[in-house]
Amino acid sequence: MTSSIFRTIGIIGHSSYPKAINTYDVLYRWLYNKGIKVMIEQHASHLLRTHKAIIGNLHDIGDYADLAIVIGGDGNMLRAANVLSQYDIKIIGINLGNLGFLTDLNPHSALIELSKILSGHFINEKRFLLDIKIQHYNNVTILGTAINEVILYTNTIKNMIKFELYINNNFTFSSRSDGLIIATPTGSTAYALSAGGPILSPSVEGIVLVPICPHTVSSRPIIIDNKSTISLKFPKITPKLTIRCDNQNPIYIDKEKEIFIQRSNHILDLIHPNNYNYFKNLRIKLGWQKNSI
């Protein structure tokens with residue numbers, strides 16, 4: 001039995017990964033044998049070959065655990081982190097997906113790295129999130145929270161969106177485009193990168209605005225301070241608008257309502273192994289060339 005700075009650990013994942021079964025079982029038994037209380041997300045509880053596990057949903061894990069281990073890819077991490085960011089809990093991922101920008105641990109060496117992490121040897125990194133709100137008259141409603149990005153688009157391919165963008169109530173530009181991506185540094189390596197946006201190091205306190213297929217070549221990606229409030233206004237004759245936060249369920253917007261995006265009060269409390277390096281991670285994930293000099 002080994003001492004751990006974490007008293008209760010949540011194991012989170014999704015059963016769509018066939019190779020997750022062994023990872024779940026091995027990880028659970030390893031933690032259990034160390035005398036650590038383990039809570040399993042209910043979606044994955046059937047993957048275990050034991051009935052001794054404590055079962056709970058993401059909110060239960062957020063309430064009772066002080067570390068969550070997410071098994072899967074970045075999509076699974078985003079799903080879990082969207083809920084867990086509301087709680088005081090640290091998160092790390094075992095990568096069973098493709099790129100895995102947010103899931104650091106290789107399943108083959110995960111237990112070695114986790115052993116060091118349980119002893120307190122890790123890098124702690126806090127990532128900020130974005131809230132999206134709408135205002136209708138004097139009523140303000142939070143529609144969702146994004147770890148990666150907020151995406152504004154229309155459901156019809158033939159129609160472009162026209163909007164005016166304001167930063168801190170100052171008119172900045174108007175645009176006709178297929179949509180707009182508003183990304184955090186965490187999301188700058190996702191859809192925003194594919195749309196021509198820059199990569200932001202997680203330590204950069206910035207928000208990336210990336211027009212999607214703009215009608216004018218002068219409409220370029222820009223980076224603004226993450227303390228800024230972004231607001232979007234639309235003309236009355238506007239096709240049906242849709243918003244997605246981290247590719248979650250679509251949110252349909254009334255064009256007569258003003259949209260606001262700003263930094264959330266919640267954070268994503270990530271931890272990494274001590275040997276983690278963001279730029280080495282980028283080089284591996286994006287296939288950048290090795291040193292040639």
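Placed from the backbone N, Cα and C atoms, the Cβ positions cover glycine too.
Annotated active site, proton acceptor per Swiss-Prot: ASP74, in sequence order. DSSP assigns ASP74 (active site, proton acceptor) to a helix. Around ASP74 (active site, proton acceptor), the C-beta neighbours below 8 angstroms that are at least 6 residues distant in the chain are GLY97, LEU99, GLY100, PHE101, LEU102, THR103, ALA190.
The NAD(+) binding site annotation in Swiss-Prot covers ASP74, GLY75, ARG79, ASN148, GLU149, ARG176, ASP178, THR189, ALA190, TYR191, ALA192, LEU193, SER194, GLN248. Its own atom aside, the Cβ of SER194 (NAD(+) binding site) has 11 Cβ atoms within 10 angstroms in the protein chains shown.
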Greatest inter-residue Cα distance in Å for the NAD(+)-binding set ASP74, GLY75, ARG79, ASN148, GLU149, ARG176, ASP178, THR189, ALA190, TYR191, ALA192, LEU193, SER194, GLN248: 31
DSSP three-state assignment (helix, strand or coil) for SER194 (NAD(+) binding site): helix
Binding-site residues listed as GLU149, ASP178, least Cβ neighbours within 10 Å: ASP178
Where GLU149 (NAD(+) binding site) falls in three-state DSSP terms: strand
Long-range Cβ environment of ARG79 (NAD(+) binding site), under 8 Å and at least 6 residues apart: HIS14, GLN248
Spatial neighbours, same chain, of ALA192 (NAD(+) binding site) - Cβ under 8 Å, 6+ residues apart: GLU149, ILE181, ALA183, VAL208, VAL210, PRO221
